[in-house]
2 protein chains.
Amino acid sequence: MARIGIFDSGVGGLTVHRAILERLPGLDTVYLGDTARLPYGTKSGDVVTHYSLRNARFLASRGIDLLVVACNTASALALPALRESLHLPVLGVVEPGARAAARATRGGRIGVIGTQSTIASGAYQQAIAQASPGSTVTARACPLFVPLAEEGWTDPEDEVVRLVARRYLAPLAEAGVDTLVLGCTHYPLLRGAIARELPGVALVDSAEAIAAEVGALVGATDPARPADHQFFVTDTPERFLGVAGRFLGRTVSRAEHVDV
Amino acid sequence: MARIGIFDSGVGGLTVHRAILERLPGLDTVYLGDTARLPYGTKSGDVVTHYSLRNARFLASRGIDLLVVACNTASALALPALRESLHLPVLGVVEPGARAAARATRGGRIGVIGTQSTIASGAYQQAIAQASPGSTVTARACPLFVPLAEEGWTDPEDEVVRLVARRYLAPLAEAGVDTLVLGCTHYPLLRGAIARELPGVALVDSAEAIAAEVGALVGATDPARPADHQFFVTDTPERFLGVAGRFLGRTVSRAEHVDV
């Protein structure tokens, strides 16, 4: 049975963990949240790559067979360095998300939202252009979406949530996008508010997109097998454990602190 | 002429830099923004102390005479460790802010707002109780204020700003505070919005409070002297330089990257 390593800047990557296990129950996983240095979305390519390599080396030392980069910013900025440095298959969320958008679009108008660093990198824009030649791409950074989700302010009826979503998404509505990639692990928590501002637009969750590609690589798993799930964080575990449930959909009872 | 070292998790400490130089022109300064690991306000005491010690050791190696901890979270969590480890006077913003609040209050009802880690530490609550025995303290974490300020959404007429300020500050209004400590370097940028929700309440800016105490330690300076100001950051300088002006009130033309 394959053992999958997953890293993220913090807790958001648990949405990817969840999507992978819904599709592949029985799989062993090792998760690392770099909570001492989060967020990655406002930091430079150099720094994000440096942290990503350290995360990846730790996971490689735990005997994984495949590395999943759950963080969109790390996927956008650090994938070439990770692939060069590791002797393992490495999957990021950007390419699966772009391919899913290419399949979903009806009119060839694709939007993507993400952190400042993800959008500034142009990685999604480039991947979508490759996966869907001829489509037009409208990209927008939404810096307040992560703190809103971490504060638990996600209800589409909440006036703050509604106003922030409207301000960020208005340019995408004006561009007439028919498909929108949620290019950050936190954004699926705001799906309701995003859908409200962009009615009829297909929302692509890159967590689900990468889970499908992991499934294609790993093949069938045995759901009856008792799977082993390990969680590590670089800051103390308390805050991670406190919010993990919101992202994973079930309680995480134990996470171990590690310096990487 | 004394040389002052100032560190912060990022750009916010420039409000302290600015307040010190307005009071003490001609003073030499060395500023370090730990932009590769910001923010500190959501991280544990262990991690914030670890980063603070590394920042302080770098500044000590630059020949400073006095260390100013501009970051409220680092001041709240790491001051004892810094004082133990450095052979220099170390000033944090918490105690000056608490003393300024004690002087400002008329009815003994003091509020304090800050990051999650600052408020959870209880450092302000304790310092206010010491500086103003018999006063009551109401404390509240305001996690969205930092991202709002960094996004540049600070106009009190902005509906998002107004609604977020109202939600966070309503418990302070209900408690009838007459004085409020702005316990985070970013909050003075939201002063207008905060004042609107708490009319008649004295707002204490801990940047100004610490500048007064630095002045008392350093004595008079020569405003005609050409002063030397050095800026260092742990991530690449571009983003720091881009927003520094908003916090410092004048352009920063050069910052050097450093690993600490």
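From the backbone N, Cα and C atoms, a Cβ is placed for every residue, glycine too.
Any TrEMBL annotation is an automated prediction that lacks curation.
Listed in TrEMBL for this protein:
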- B:C71: active site, proton donor/acceptor (ACT_SITE)
- B:C184: active site, proton donor/acceptor (ACT_SITE)
- B:D8, B:S9, B:Y40, B:G41, B:N72, B:T73, B:T185, B:H186: substrate binding site (BINDING)
- Note on the structure: What remains of the recorded positions B:S9, B:C71, B:N72 once a 10 Å Cα-Cα cut-off to B:C184 (active site, proton donor/acceptor) is applied is B:C71, B:N72
- Item | Shell list (substrate; ref centroid = CB of B:D8, B:S9, B:Y40, B:G41, B:N72, B:T73, B:T185, B:H186; cutoff 8 A) | B:G10, B:G12, B:G13, B:L38, B:P39, B:A70, B:C71, B:A74, B:T115, B:T118, B:V146, B:C184
- Task: Would you count the other CB atoms within 10 A of the CB of B:S9 (substrate binding site), including those on all shown protein chains?
- Result: 28
- Query: Taking each of the binding-site residues B:N72, B:T73, B:T185 in turn and counting other Cβ atoms within 10 Å of its Cβ, which one has the fewest?
  - Reply: B:T185
- If you run the three-state DSSP split on B:N72 (substrate binding site), which class comes out? helix
- Note on the structure: Students should find that the Cβ of B:C71 (active site, proton donor/acceptor) has, within 10 Å, a number of other Cβ atoms equal to 34
- Long-range Cβ list for B:D8 (substrate binding site), cut-off under 8 Å, min separation 6+ in sequence, same chain only, gives B:L14, B:V16, B:Y31, B:L32, B:G33, B:D34, B:A70, B:C71, B:A74, B:T185
